[in-house]
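Student: Starting off with a structure, shown below.
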Amino acid sequence: MAAAGPLRLPLLAVRPPWPRCPRRGAARPPAGQIRAAFLRFFEEKHGHRCLPSAPVRPRGDPTLLFVNSGMNQFKPVFLGTAHPRSELAQQRRVVNSQKCVRAGGKHNDLEDVGRDTYHHTFFEMLGNWSFGDYFKEEACSMAWELLTEVYKIPKDRLYVTYFGGDSSLGLNADEECRDVWLSLGVPANHVLPFPMKDNFWEMGDTGPCGPCTEIHYDHGCGGPRYQGLVGNADVGHVDMAYRVVADHVRTLCVCITDGIYPGLSGAELVLRRILRRAVRFCAEVLHAPRGLLASLVPAVVEVLGDAYPELKKNADQVMDIINENEVAFLSSLERGRRIIERTVQQMKPSADFPAEVAWSLYGNLGFPLDLIDLMLEEKGIRLDSAAFNELVLEDAKRKAHGPQEGRQLEGTVVHLDVHSMAQLQRDNIPATDDSPKYSYKLGQHGQYEFSPCQATILMLYRDQSLQKEVGAGQHCGVILDRTNFYAEQGGQASDRGYLIRLGQQDILFPVESVRLCGGYVIHEVTAVETLRAGDQVQLFVDEVQRLACMTNHTATHLLNFALRHVLGDSTEQRGSHVTAEQLRFDFNIKGPVTVEQLQQVEQVVQDVIKRNEAVYMAEVPLALARRVQGLRALDEGYPDPVRIVSLGVPVETVLTSNSQAAMQTSVELCCGTHLLQTGAMEDLAIVSERQLVKGISRVIAVTGRQAKQAREVGQCLAMEVDSVSIRMKQKRITSVLEMQNLSKEVGQLTKVVASTAMPQWQRRELQSILKSLQRTANTTIKKLEVQQAEEKAQRLLAKHCNQPVIIDTVPADSLSILMKVVNQLCDKSPGTSVLLLSPQDSGEVLCACQVSKNCLPMFSAADWAVAVCTQMEGKAGGSPVVAKGSGNAKGMQGALTTALEFAQSKL
């Protein structure tokens, strides 16, 4: 439980004890009963509003991989960034049960799960919250009442801790909190001070922080004990394995249901490690058959499904994803073991296991590091830890200097810090009126007309501080009383453009990006002259860029509708991003999207474009929007009123009681800017579709001229593929070289088709044709090579009849053909050893040889080829039976002599 006062006051966290280990035979209240009692206590007795759990994938918070505490969804309130009109900003008393995952970042309990009885990667955090309503006294009183009167926990078993101060930091003890507990009747010897490490809450260098208080249950040498074994007593780690598997399958169920799938980066990578850790404990400790982990999903749904109904909807999909990932991981383990075995066999005695191999196993196969250590330890071999740590450090540096660093630096200017935002509110600086961003219309000739906007500079922001003036050449954020610029939100990129001071029409201040922070729109500007608070300015949006974003945003809504129409109502959006160049759309899907489905989706979109449907937009009360059938679930983060965008159907019709309109067209909540009619989109082409992770697909699409260009390119490539196909099928090709050239042409076309922007359905069709052509070419080349080899072998056999050694030159287009000639000779004359040279037009000489098994081990093909190719200043290699190489034509005659002398010395 936690209660927070105004932002500047210390934060108080009250943590309830849960008797984790009831004695054998004691009544164990189910989780649902504990949860329901908690929510009912605060909702009915103390007037809190019960809010649903947020998904474990954080919304708009790049600092978190997972929601890891009950407070995450309330961060906008604590930081002062919640939109003033949002439902969240209006809350005063709230209670919730939050799904939490702690497996990555600052809170990472992954490796501790199973080692004790209380660490989990998934758990539920029950919380009561006060936003400027009550504080320490009421929070402590409610907590004590809940534990002692509702849960009936004996008072004499409860101990309270509070912050004892820190003299080095000049922080006094929280005596106010101590006195509150004493006034509630807690004995003085049960109220204990603790240092900053235990009773001071903070999550970073800046932001909300302060003393906290905790309530602990004393189990006692006679309290209830958990019978599962831990530590050394848990021989074979069997009890640990049960705890790990039980915990991890809960985490997997919740995360996959909320759209986080095992993957290769970020939260998805962490979840993959959780799944693989659970699989290892199932297989290696419990010796369970494959599928055990997925078979536990129904049990998780039974326990948590009533509290989190979304778990019931996708249980089958969750089981499928777990099973498929388990099979893939077990396959990787097998491959990894073979790689380790092979590497160990090739190592010199007393050498360390190469760090590069271990890093490849870890990075490419997802092979756990502790398993690598264990397998090497079993073989008495050590990993080269120093070299491995260097690779880890290099990887960390590479990631630190990746594209995110640039985004973070960029955001230091345009994102208001919490102190500056609080200062604006104290100074009664009003939130920016950004309604003019929707002020545009269609002109007489169908062109879009965007109204200019006049505004006043209220404040400037630079170097994390508010300023009244910014000098020429300085980078700053400009806060205006009103704006027609669209700030980046809802997946749509921000506007660009410029502003001018009234009376100075010839001086332009470029606007590079725009952000929304707690109701204030921040324009990122480089001042070409001094800017001051109070300056009157006129704003001009880059109309071409804005119109392109409007087109692609409306296309995104239409694409969403088309995907649901073709793939089914269970298809749900998982993310989107709209820029002037393209649109990106992520959605859940059980299987791969077929060529036919991609064509159908494009057709649905094109039909709406041809009808030139009107796009209706209106702001409506949140309560009214909640009744619209077909709209995705609304949460407290939406501002009230909300904006509805409807294609082809007026918003008034959508809002009609029992209306099915939202099920028949695209109707979405959206703060973005849109076309007024769909015809301006002209065309839409899906140029990419791929699975990000199992169950989540991403499409990229383009519109307008880009879409038409993609279709034209696709048609041109289709004609090229048809040309190659006709040449390969109609003409009887007898030359290996000619077929090899066609094969190269197919390979080049394959690369172009894979990398060029074109309709994805057409790309798939052409790739299928090219794959078939490549197989045909390879088969034909092999047949022609065998045919040529047979002819050459017959001539050589006639020339060197019944000779124990054949050494000669022969024309051959490739080393592959030369090797086949050698093989044919040895097959037809089993006791003969053969070495052939083939001079090429380039001046290179190819060499191939095979030694009769009767001559082993005295006569080695590898040694023979090395001796001959060295004479030609070349290289060779192979086995005792077959070998090949190459050299320079200048030494060919001497090489033939060397070949004969070497053979004679061995026979």
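Glycine too: its Cβ is placed from the backbone N, Cα and C atoms.
A TrEMBL annotation is a machine prediction, not a hand-curated record.
Sharing the record's features from TrEMBL:
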BINDING   His553, His557, Cys670, His674  Zn(2+) binding site
DOMAIN    29-713  domain 'Alanyl-transfer RNA synthetases family profile'
Student: Counting other Cβ atoms within 10 Å of each Cβ, which of the binding-site residues Cys670, His674 scores lowest?
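Tutor: It is Cys670 that, of the binding-site residues Cys670, His674, has the fewest other Cβ atoms within 10 Å.
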Student: Would you count the other CB atoms within 10 A of the CB of His553 (Zn(2+) binding site), including those on all shown protein chains?
Tutor: 25
Student: Could you tell me the mean pLDDT the prediction assigns to the domain 'Alanyl-transfer RNA synthetases family profile' (29-713)?
Tutor: 87
Student: Other residues with Cβ within 8 Å of the Cβ centroid of His553, His557, Cys670, His674 at the Zn(2+) site?
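Tutor: After dropping the recorded site residues, what remains is Gln492, Met550, Thr554, Thr556, Val615, Val645, Glu668, Gly672, Thr673.
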Student: Near the Cβ of His557 (Zn(2+) binding site), how many other Cβ atoms are there if near means within 10 Å?
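Tutor: That number is 26.
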